[in-house]
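Have a look at the structure below, then the notes.
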Amino acid sequence: LHTPMYFFLLNLSILDLGAISTTLPKSILNSLWDMRTISYAGCAAQVFFFPFLMLGEYFLLTIMAYDRYVAICKPLHYGTLLGSRACAHMAAAAWGSGFLTALLHAANTFALPLCQGNALDQFFCEIPQILKLSCSDTYLREIGLIAVSVFVNLWCFVFIVLSYVQIFRAVLRIPTRQGRHKAFSTCLPHLAVVSLFISTAVFAYLKPPSISSPSLDLVVAVLYSVVPPALNPIIYSMRNQELKHAI
């Protein structure tokens with residue numbers, strides 16, 4: 001399993017485990033003990049670590065799209081372009097980018113004075129919910145955070161789309177049906193994971209305000225914060241025959 005794809009899968013698994021561990025254990029504990037509280041330090045940890053891990057995962061999925069692009073479109077250069085050192089640098093860049101972006105969001109959030117109570121309509125400390133507790137004008141901060149998020153996420157999305165456009169073009173040029181199926185099957189798990197990640201996040205943050213409600217927001221939060229990290233290992237293990245044989 002010492003290949004770039006499995007190295008990236010290892011990092012993806014760590015990010016998934018960390019993302020679930022940031023929010024779910026505290027929520028389960030509160031449910032078991034019939035509590036609805038979290039300490040300020042615990043809330044601050046969730047505000048930083050959850051975006052850090054989820055954004056790191058998004059950056060890593062972008063890098064994995066490049067991995068699939070090189071494997072399909074430039075197979076002869078795969079070992080050169082994706083050597084062990086290059087893979088380590090790209091994975092570190094994904095973790096570092098997630099860290100810096102999450103730090104920016106967390107610092108902007110907790111720089112605001114909070115005077116609208118301390119009750120959040122969510123099962124974990126989420127930045128949009130905390131901004132509702134601020135007594136100052138958060139419009140400019142929200143616009144700034146949205147602008148940074150849109151720029152980063154859109155850049156990654158465009159890169160993934162362009163990578164798969166090149167991949168599909170290369171696959172369609174393969175003369176045999178068996179060859180096309182084999183090439184496309186290597187990309188299908190990653191494509192499924194990316195689609196699940198992006199679709200749940202887009203619905204969570206871009207759903208129309210007219211349909212928003214506390215109960216729906218709670219369901220959507222579970223959908224994007226728990227479902228993708230939980231399903232990612234299942235998707236890869238079901239579709240990847242090499243991983244099945246290795247296990």
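Placed from the backbone N, Cα and C atoms, the Cβ positions cover glycine too.
Range with TrEMBL annotation transmembrane segment, chosen from 6-25, 86-105, 106-125, is 6-25. No contact links the transmembrane segment (218-236) to the transmembrane segment (143-165), because fewer than 3 Cβ pairs that are 6 or more residues apart lie under 8 A. Between the transmembrane segment (37-61) and the stretches 6-25, 143-165, 186-206, it is 6-25 that has the most C-beta pairs under 8 angstroms.
Listed as Cβ neighbours of the transmembrane segment (186-206) (distance under 8 Å, sequence separation of 6 or more from its ends, same chain) are residues 57-58, 61, 64-65, 68, 71-72, 128, 157, 160, 164, 167, 220-221, 223-224, 227-228, 231-232, 235-236, 239-240. Long-range contacts of the transmembrane segment (6-25) within the same chain: residues 45-46, 49-50, 53-54, 56-57, 60-61, 63-64, 67, 84, 87, 91, 94-95, 123-124, 225-226, 228-230, 232-233, 236, 243, each at least 6 residues beyond the stretch ends and with a Cβ under 8 Å from a Cβ of the stretch. Below 8 angstroms of C-beta separation, residues 55, 58-59, 61-62, 65-66, 68-69, 97, 101, 104-105, 108, 127, 187, 191, 194, 198 of the same chain, each at least six residues beyond the ends of the transmembrane segment (143-165), sit close to that stretch.
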